[in-house]
Each structure stands twice: as structure tokens, then as C-alpha cells.
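Working notes for the structure below.
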Amino acid sequence: MDKETEEDRKGDNSDEEKQNISPESSDIEDSGMERLRKFLTQKLRLIDSSDDQSDESQQGTLRELTLDGVIDYIKEHGNCKIITMAGAGISTSAGIPDFRSPSSGLYHKLDKYNLPHPQAIFELEFFMKNPEPFFTLARELLPEGFKPTISHYFIRLLWEKGLLLRHYTQNIDTLERVAGLPADKLVEAHGTFHTGRCLKCRAPYTLPWMKEKIIEGVIPKCEECEEGVVKPDIVFFGEMLPERFHLLAGRDFAQADLLIIMGSSLVVQPFASLVDRVRNNCPRLLINNEKVGMQDRLSRFLGLRQGLVFDSRSAHSGRDVAWLGDCDTGCQLLADKLGWGDELRALVQREHESLSAESGGEK
Ligand SMILES: [Zn+2]
């Protein structure tokens with residue numbers, strides 16, 4: 001194991017290690033960076049003024065690169081503005097199949113349609129010619145009877161505590177809405193099943209309307225123009241992301257004090273590169289089964305700041321933390337450490353009970 005990986009794995013770097021971070025050659029650059037950091041933090045009040053006497057060697061804004069370091073940071077920031085970013089990992093414990101994965105078994109149901117390739121089902125051109133395979137799959141994916149997870153309710157709790165600047169999701173399952181997150185706090189980057197539109201006359205339709213047709217096994221046809229097929233507002237391959245995504249991402253990320261990324265493999269663009277849009281000293285916490293979204297060697301060599309940097313010796317270190325495990329466990333742990341553990345458990349229980357009652361106590 002090389003030293004880099006070993007340090008990476010330790011996570012809880014001691015102060016001693018931090019002081020040894022910079023090789024002599026970059027000392028001058030570092031002190032310049034440090035002065036700039038101090039200037040910015042004072043001007044922008046990114047750090048509580050009581051932190052000003054913190055030692056010179058402290059490169060990042062976290063005391064330690066652990067979950068506890070992040071917790072301290074949240075507690076010390078009176079009004080921490082948090083952006084959460086989420087992928088399929090926050091919904092897997094709800095039982096939502098990962099439809100992108102050919103191993104999910106969903107694609108077997110489509111064998112009879114002879115798709116040119118599995119992705120064709122999410123291609124607009126193919127959909128316009130043959131919408132049937134999509135609606136067959138949609139029956140399996142319909143947000144019906146799925147309950148939001150601990151992770152979803154943790155995000156809602158962040159909002160209730162006044163700490164959530166915005167939640168960006170790659171998921172189309174609408175579980176954030178079911179969990180009670182208000183629409184204005186939500187950016188559904190890849191669209192949603194929540195609404196739909198006629199492809200011909202653009203007439204809008206609701207989820208309950210589409211759901212009825214889809215469950216009946218009927219292709220939803222527009223009632224206005226009586227010609228167009230109604231397509232749920234999920235983003236197909238080659239389609240533009242919602243305007244709301246570009247508009248709000250442009251504003252939000254520069255303001256964030258903390259970024260929490262959960263259950264995303266950070267490979268789908270432009271969603272993945274959102275992590276680079278926060279300020280240079282904004283801590284980023286990844287809650288995921290494995291480390292993802294790292295800066296690759298080439299961009300590191302070229303000095304580009306792209307991706308997460310869990311290696312504590314790098315120039316932009318001292319702010320990225322990876323907590324490895326499943327999202328629900330990570331979110332519950334965060335809540336526990338913030339002193340909201342029981343509140344989160346009670347919220348999940350109450351909401352799940354009320355959702356069961358709504359669906360007739362079946363699920
Ligand atoms: Zn129409």
C-alpha cells in the first residue's frame with residue numbers, strides 16, 4: 001500500500017500530520033494561499049471570527065477530515081447553508097430498482113420489443129416511434145407504494161432546521177416530494193414522474209392522470225389534441241436538463257457553506273461536476289458505499305480543480321470527507337451526532353405510518 005492510500009484510509013489526520021503536509025518547495029505558495037484564505041474568510045465571514053487564531057498550518061476549514069470534523073463545522077456555523085446532492089443510493093432501501101443497471105432484471109421484461117439497445121428506451125427518437133417499451137418499464141418504476149428512506153427524511157430535517165439551501169437529485173422517483181420536501185427546495189436534475197406533457201401540443205398532465213393510464217396498460221394519449229403521446233417529464237438521453245437546474249445551480253453553489261453528496265456514483269454529467277461549483281474552501285462530505293468523484297491524475301497534474309480530493313496532502317485538501325457505507329446509516333449517524341437522532345427516527349416512523357394508512361394499510 002502506498003503512503004497516499006494509507007493516509008487516505010486513516011481519515012482522522014492528527015494536527016501533526018497536517019503540519020507535515022507541505023513539502024518545502026510549495027511553502028511560499030502555501031503561505032500566499034493561506035493569506036488569501038484568511039482574507040477571504042474574514043471578508044466573507046466564512047468562518048466564525050473566534051477561529052481566527054487557529055494555527056497557520058490549518059489548510060482547510062475542517063478541524064479534522066472526519067464526520068466529527070463536519071459535525072463541528074455545522075455546529076459552529078450558526079446558519080450553515082447546506083446543499084445536498086443525491087443519486088440512486090438514497091432510494092435503493094425503498095426498493096426502487098436501479099433501472100440504469102442491466103442487471104436489475106427490468107430489461108428482461110422488454111425482450112419482446114427487440115430494442116436496438118437497452119438505452120433506446122430512454123431515447124426520444126425511439127420513444128416517438130415506439131413508446132410502448134417505455135411505458136412497460138414505467139409500470140415497474142411508477143412511484144407507487146414506495147416509501148421515502150431515512151436519507152430522504154434527513155434531508156427534510158435539514159430543511160426544517162433552516163439549514164437546507166437546496167437539494168439536487170438525480171432521481172426521478174419523486175420520493176423527495178413524498179418525504180415532504182417543498183418543491184422550491186428541490187431541483188430534480190433529471191426530471192420527474194411528477195408531471196408530464198403532450199409531445200405534440202405540450203399540454204401538461206399530472207402524475208395521477210398518467211398513473212391511471214400506465215397501470216391500465218394504455219399508452220397515455222393527450223386529451224387536448226387527441227394525437228400526441230404524454231411523456232412524463234423525465235429527461236431522456238439527448239434532452240436538455242430542466243432550465244431550473246441551470247438557473248439555480250448558477251446561484252446556489254457559490255453560496256453554499258457545506259456540500260453533502262449521497263448515494264451518487266458522480267459519473268453522469270453535468271450533475272457530477274456540480275461538486276466543483278462550490279467555493280474553494282467549502283467542505284464536501286461524501287456518503288456513499290465507495291469513494292467516487294475523485295480528481296483524476298491528469299487533472300491533478302495540470303492543476304485543474306476537478307473532483308473530490310480525499311488525499312490530505314493535495315493543494316485543495318482539508319475539506320473533503322468520505323464516509324463509506326449505506327446512505328441511511330450515514331444519515332442516521334449524522335443526525336445522531338447533531339443531536340437529532342430521535343427526532344429523525346420519530347419522523348420516519350410517523351410518516352411511514354401515515355403513508356401506510358393512505359395506501360390502505362397494505363404496505
Ligand atoms: Zn396534445
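Placed from the backbone N, Cα and C atoms, the Cβ positions cover glycine too.
Unlike curated entries, TrEMBL annotations are predicted automatically.
Quick caveat, the model's predicted, so the values are computed rather than measured.
Per TrEMBL, the features are as follows:
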REGION    1-33  region 'Disordered'
COMPBIAS  1-19  compositional bias 'Basic and acidic residues'
DOMAIN    60-341  domain 'Deacetylase sirtuin-type'
BINDING   88-92, 98-100, 170-173, 288-290, Cys327  NAD(+) binding site
ACT_SITE  His190  active site, proton acceptor
BINDING   Cys198, Cys201, Cys222, Cys225  Zn(2+) binding site
When distances run from the Cα of Asn288 (NAD(+) binding site) to each of the recorded positions His190, Cys201, Cys222, Cys225, the nearest one:
His190
Asn288 (NAD(+) binding site) -> DSSP, reduced to three states, gives strand
I'd like to know which of these binding-site residues, Thr92, Gln170, Asn288, is least surrounded, judged by other CB atoms within 10 A.
Thr92
In the same chain, outside Cys198, Cys201, Cys222, Cys225, whose C-beta lies within 8 angstroms of the Cβ mean position for the Zn(2+) site?
Leu199, Lys200, Arg202, Ala203, Glu223, Glu224, Glu226, Glu227, Gly228, Val230
Reported as an integer number of Å, what is the Cα distance between Cys225 (Zn(2+) binding site) and His190 (active site, proton acceptor)?
27
Is any of Ile90, Cys198, Cys201, Cys222, Cys225, Asn288 (binding-site residues) within Cβ reach of ligand 1, i.e. under 6 A, and which?
Cys198, Cys201, Cys222, Cys225
Going along the chain, which residues six or more apart from Cys222 (Zn(2+) binding site) have their CB under 8 A from its CB?
Cys198, Lys200, Cys201, Ala203, Tyr205, Gly228, Val229, Val230
For the residue listed as 'active site, proton acceptor', which of these binding-site residues sit within 10 Å, Cα to Cα: Ala88, Ile90, Gln170, Ile172?
Gln170, Ile172
Sequence gap of 6 or more, Cβ distance under 8 Å: name the residues on the same chain that satisfy this around Ile172 (NAD(+) binding site), in order along the sequence.
Leu141, Glu188, His190, Gly191, Thr192, Phe193, Pro232, Ile234
Counting other Cβ atoms within 10 Å of each Cβ, which of the binding-site residues Cys198, Cys201 scores lowest?
Cys201
